[in-house]
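K.L.:
Take this structure first; my questions come after.
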Amino acid sequence: QIERHDNCAYDYLEIRDGTNENSPLIGHFCGYDKPEDIRSTSNTLWMKFVSDGTVNKAGFAANFFKDKDECSKDNGGCQHECINTVGSYVCQCRNGFVLHENKHDCKEAECEQKIHSPNGIITSPNWPDKYPSRKECTWEIGATPGQRVKLTFNEFEIEQHQECAYDHLEVFDGESEKSPILGRLCGNKIPDPIIATGNKMFLRFISDASVQRKGFQATHSTECGGRLKAETKPKDLYSHAQFGDNNYPVQADCDWLLVAERGYRVELMFQTFEVEEEADCGYDYMELFDGHDKTAMRLGRFCGSG
C-alpha cells in the first residue's frame with residue numbers, strides 16, 4: 001500500500017535484477033494492487049524504497065527466500081517444456097500432447113478438452129501442420145461465473161464450402177452442442193471475435209476424409225458483464241475472472257443485467273466485498289439500478305470493505 005501515481009513518481013518501491021541500481025529494472029511499484037511474485041535470474045535481487053515529503057501509507061510487507069531453478073539442468077527431465085515454479089517445477093507439453101502419468105514425458109492427446117483457465121490458446125489437431133482427416137474434436141470452455149467467454153482467431157484455414165458442409169468449426173453458446181449455435185466456420189478468412197452470452201462456450205471441429213488444411217489457432221479469454229438469469233436457487237457472480245487469485249484489473253467497466261421471470265424480484269447477496277475505499281466512492285465502485293439500464297432508479301453506489 002504505497003501512495004498511488006500513474007508513473008509512481010512520488011512514493012515507490014524499485015526492484016532490479018542484480019546487485020545494484022544499475023542492474024536490469026524489474027519494475028517500479030506503487031498503489032494498492034499487490035504486485036505479482038518476483039523472481040531474480042541470478043542469486044541477487046536489489047530493492048530501493050523511496051517516500052517523498054507528503055502522503056504516507058501503510059507501506060509493504062513481503063516474504064523473500066531462495067528458490068532453485070530446476071529447469072536449468074537437462075530441462076528438468078521434461079520431454080517438452082519445463083516451467084519453474086516456487087519451490088518446484090512442472091513439465092508441460094506442446095499442443096496436441098498431454099502429460100504422461102510419470103509427469104515428465106508427453107503423449108498424444110485425446111480430442112476432447114475441458115478448459116477452465118481464464119485465458120489460453122486453442123488449436124486444431126496437429127497444428128501448425130495440416131489437420132488429419134476423419135477427426136472430431138471438442139473443447140468445453142468454462143469461465144468464472146459473471147464473465148463471458150470470448151474467442152479471438154489468430155489464424156484460420158479450413159476447407160472452403162459455401163455452407164461449410166465438409167470440414168468446419170462450430171461454436172455454441174453454452175456447455176454442449178445442444179446450446180444455441182454462434183457460428184459454423186470454414187474458409188480462409190479470419191472470423192470476427194465471438195463472445196458467448198455467459199461463462200460457457202462449446203467448440204466442435206470436424207474434418208472429412210478428403211481435403212486437409214492448416215486449421216486454426218484461437219485465443220480464449222473473458223469479458224466481464226452480460227445477461228444473467230436469476231432463479232430460485234442462488235447463483236454465483238464474481239467481479240473478475242481471477243477472483244481469489246488476483247485483485248481486479250485496472251480500467252474495468254462491467255455491466256450485468258440480472259433478470260428473473262415475471263412475478264419475481266431479484267435479490268443480490270454479497271459474500272465478499274472489497275473495493276477501493278473513498279468517501280464518495282469516486283474512484284472504484286459498484287452501482288445497482290432497479291431496472292434494465294442506468295436510467296432506472298439507482299439503489300446505491302458502493303465501495304470499501306465489508
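Our numbering is plain: 1 for the first residue shown, then up by one each step along the chain.
Cβ from N, Cα, C; glycine included.
As annotated by TrEMBL, domain 'CUB' applies to 1-67, 111-223, 224-306. Taken from TrEMBL, the feature domain 'EGF-like' covers 67-107.
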K.L.:
Would you list the DSSP helix, strand and coil counts for the residues of the domain 'EGF-like' (67-107)?
P.N.:
7 helix, 15 strand, 19 coil
K.L.:
Quickly jot the same-chain residues contacting the domain 'EGF-like' (67-107) by Cβ under 8 Å, restricted to those at least six beyond its ends, or write none.
P.N.:
37, 39, 121, 123, 125-127
K.L.:
Can you work out the mean pLDDT of the predicted model over the domain 'CUB' (1-67)?
P.N.:
92
K.L.:
Treating G and I as helix alongside H, and B as strand alongside E, what does DSSP give for the domain 'CUB' (111-223) in helix, strand and coil?
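P.N.:
The counts are 0 helix, 58 strand, 55 coil.
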K.L.:
Which numbers of helix, strand and coil residues does DSSP report for the domain 'CUB' (224-306)?
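P.N.:
The composition, in the requested order, is 0 helix, 22 strand, 61 coil.
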